[in-house]
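Annotated in TrEMBL:
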- 39-56: transmembrane segment (TRANSMEM)
- 131-332: domain 'TLC' (DOMAIN)
- 136-155: transmembrane segment (TRANSMEM)
- 180-199: transmembrane segment (TRANSMEM)
- 264-291: transmembrane segment (TRANSMEM)
- 303-324: transmembrane segment (TRANSMEM)
- 340-368: region 'Disordered' (REGION)
- 341-358: compositional bias 'Acidic residues' (COMPBIAS)
Amino acid sequence: MIDTLYEWIWWDRFWLPVNLTWADLEDRDGRVYAKASDLYVTLPCAIAFLLVRYLFERLIATPLAASVGIQEKARLRVADNPILELYYLSHSRNPGQAGIDGLSKKSGWCVRQVERWFRKRRNQDRPGVVKKFREASWRFVFYLLALIGGVVSLYDKEWFYDTREVWNGFPKQTMLDSQYWYYILEMSFYGSLLFRVTFDVKRKDFKEQIIHHLATLTLLSFSWCVNYIRIGTLVMLIHDASDVLLESAKLFNYAKWETTCNSLFVVFAIVFMVTRLIIFPFWLIHCTWVYPTLQYPPFFGYYFFNVMLVVLLFLHIFWAYLILRMVNKFLFGKMTRDERSDDEEDGEESSLTEEEKEESSYCYTNGSGLGTKEGNNGCFRHLSLSENVCPSKTVY
């Protein structure tokens, strides 16, 4: 049963052009081909990346952050409340109005106190600027080295200048050592990001990041197995070109070097638009969509590969939208953050008016709900401005 399923999944007609079999991709006549078993090495390499990252962030990135004046600001901790804490951990970090009303009755706090507690609790869990700086430093170093390595390995190749050469002699194209390491290191890095995604800084595009990492690993794995390595290296290169600029802009943003950050952001936006929305669809996707059909009739692997490229293109369009929003703020307003970031919530806590102070000091409940000062079952409760109701400083 398992053998039959395995044979069906790896059926030649799925992944290879007509009249070609996996036997045609076995090493012979001095040609070396990529093998699916080679990908097993990416797992220990991804774990090695996690170890190297841990050492880098603590031995290099953290001292570097301190040297440029980046420090964590003290955060006010919320008042202990087992009822609210249990709900926060087990149900929702951002309860709806019905949940707020129910928690208000259970805890004996008024609605405003419960809402403020959840805002402060969410802010308490948000990552600090040093953590963000460490992550951006690690990604910047990798993307920079990957970009340099990619250019060195591709600058003297014919298909770097003429995409028609990508399919010249396909699939009997020998794998080069530079291609092997370029693939293995990129896949291992994205694998390490996927392992760490739940622990890294979560942004508004968290789901899109997951889709991107999975699509990237799927594309790289598939292109490796069916010897689409030439086009795979080109795809990786144009992604690294803009990523290194984005991470460097983040570093200067966290260090509050605004002029340098803004300059790098403008360069990043231009490079992103050119590489992801022009070169990627009109050169690379065109290369994989049009040229293969000149040699072979379309097959399942052909459609699968192009669909995954289109998935990446849609993600590029989504991120381009966020970038253009930031460009709009940069040119016509005030850009103070990454559009993907989740800011700390200040709500009403940053500055309370006299009316809000009075409302915070006098919370009231009755038998039918909140918000009625008078009633047969009403109870007018006086509360002092303790930690539970005092405004807290919002830390950015």
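Backbone N, Cα and C atoms are what each Cβ position is placed from, and that goes for glycine too.
Note that the structure is a prediction, hence the values are computed from the model and not measured.
Taken together, the residues in the domain 'TLC' (131-332) have a mean pLDDT of 90 on the 0 to 100 scale. Here the transmembrane segment (303-324) has Cβ contacts under 8 Å with residues 205, 208, 211-212, 215-216, 218-219, 222-223, 226, 228, 235, 268-269, 272-273, 276-277, 280-281, 284-285, 288-289, 339-340 of the same chain, all six or more residues outside its ends.
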